[in-house]
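Novice: Residues or ranges marked as disulfide bond by Swiss-Prot on the basis of similarity to another entry: CYS54-CYS65, CYS104-CYS112, CYS114-CYS132, CYS180-CYS194, CYS182-CYS189, CYS256-CYS294, CYS272-CYS287, CYS291-CYS333, CYS309-CYS324, CYS311-CYS321, CYS316-CYS317. Marked as N-linked glycosylation site by Swiss-Prot on the basis of sequence analysis: ASN103, ASN259. What Swiss-Prot records for SER186 is O-palmitoleoyl serine. Look at Swiss-Prot and you will find 1-22 tagged as signal peptide, backed by sequence analysis.
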Amino acid sequence: MFLSKPSVYICLFTCVLQLSHSWSVNNFLMTGPKAYLIYSSSVAAGAQSGIEECKYQFAWDRWNCPERALQLSSHGGLRSANRETAFVHAISSAGVMYTLTRNCSLGDFDNCGCDDSRNGQLGGQGWLWGGCSDNVGFGEAISKQFVDALETGQDARAAMNLHNNEAGRKAVKGTMKRTCKCHGVSGSCTTQTCWLQLPEFREVGAHLKEKYHAALKVDLLQGAGNSAAGRGAIADTFRSISTRELVHLEDSPDYCLENKTLGLLGTEGRECLRRGRALGRWERRSCRRLCGDCGLAVEERRAETVSSCNCKFHWCCAVRCEQCRRRVTKYFCSRAERPRGGAAHKPGRKP
């Protein structure tokens, strides 16, 4: 007997977002509608890319996308309804849609190909739609059925999660790139044909990180929705907010501090960055953000690293390298005595 679609989706996504890297889709999707099983590996890969992007975007934040945050299932994991939960839902939804769209364009699915629905139509002054646009409509439709099926409730929390799932999909569509090819005599560009391509997924992650910082707090009772009137009020409230924006119901906790009840480790012991030509402003200020503003000192530790260097190709056919040792300095947040005049942590500061 086949499982119902929602049951299959819930099984799939709950298992995909476990942090063990040894999972296999085939282990938990042995049955189900065959029409949807063909997408399961793409959904798994998309969910994993969302996890990795979350960790990248928040690597130097007080909340750094910890393992317990990476389950979308309401059966345990994301108990809070704060802006971090909003981001996890959005980036996971975006990752699934992005991967399905990309794999469609690569020809991985027999029932999907380029989006040429607008080919030949005037797109703007001097250019027409043409070529092979990535089929985001397909990726959006399939990912919506997989991801949104996790939400079986009708309360404010479920509405929030569905809204942020949609914001993730909108982020993929909103960051698509227009690529054009010139046509004309002797290399002139009299007219152009253009198509839409997916950006690097890193751009989608950066876009959603900006939305995270601007996330809107919705003032609703989370238990609302048990009555027709309550559900109507929730629906009206969320309809008034653009689906391009992230929303949350609760304020974030103080991520500086350890909180075993919430599963928060605090920032003590976290590594931070101070120097490096390639560092951006956010990374260079990580010691202040993770340590100083949390009432911790910055501890300097020296370590020796070993890496391959002076590699040479020898005919035929081997590459031989030397092992070079290098002393490096790393910085960590420590409970050690702070220098005089250091700022004390102020609870409730923005994470």
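Every residue, even glycine, has its Cβ placed from backbone N, Cα and C.
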Novice: Which one is it: of the disulfide-bonded residues CYS189, CYS294, CYS317, CYS324, whose Cα lies the shortest distance from the Cα of CYS180 (disulfide bond)?
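Specialist: Nearest candidate: CYS189.
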Novice: Quick check: in three-state DSSP terms, what is ASN103 (N-linked glycosylation site)?
Specialist: helix
Novice: Using a Cβ cut-off under 8 Å and a sequence separation of 6 or more, which residues in the same chain sit near CYS104 (disulfide bond)?
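Specialist: The answer is CYS112, GLY113, ASP134, ASN135, PHE138, GLY139.
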Novice: Using all protein chains in view, find how many other C-beta atoms are within 10 Å of the C-beta of CYS287 (disulfide bond).
Specialist: 22
Novice: Enter the number of other CB atoms within 10 angstroms of the CB of CYS324 (disulfide bond).
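Specialist: Around the Cβ of CYS324 (disulfide bond), 11 other Cβ atoms lie within 10 Å.
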Novice: Given the disulfide-bonded residues CYS180, CYS309, which one has the fewest other C-beta atoms within 10 angstroms of its C-beta?
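Specialist: Lowest Cβ count within 10 Å among the disulfide-bonded residues (CYS180, CYS309) is CYS309.
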Novice: How many whole Å apart are the CA atoms of CYS316 (disulfide bond) and CYS309 (disulfide bond)?
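Specialist: Pair distance, Cα basis, whole Å: 20 Å.
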Novice: Would you count the other CB atoms within 10 A of the CB of CYS333 (disulfide bond), including those on all shown protein chains?
Specialist: 25
Novice: CA-CA, which of the recorded positions ASN103, CYS182, CYS256, ASN259, CYS317 lies nearest CYS272 (disulfide bond)?
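Specialist: Checked the recorded positions ASN103, CYS182, CYS256, ASN259, CYS317; minimum Cα distance to CYS272 (disulfide bond) goes to CYS256.
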Novice: Tell me which of the recorded positions CYS132, CYS256, ASN259 ends up closest to CYS291 (disulfide bond) in space, Cα to Cα.
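Specialist: Closest by Cα: CYS256.
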Novice: Is it possible to get the count of other C-beta atoms within 10 angstroms of the C-beta of ASN259 (N-linked glycosylation site)?
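Specialist: So the Cβ neighbour count for ASN259 (N-linked glycosylation site) comes to 12.
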Novice: Return the member of ASN103, CYS114, CYS194, CYS294 nearest to CYS321 (disulfide bond) in space, with distance defined Cα to Cα and candidates limited to these recorded positions.
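Specialist: For CYS321 (disulfide bond), the closest Cα among ASN103, CYS114, CYS194, CYS294 is found at ASN103.
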Novice: What is the total of other Cβ atoms whose distance to the Cβ of CYS112 (disulfide bond) is within 10 Å?
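Specialist: The answer is 20.
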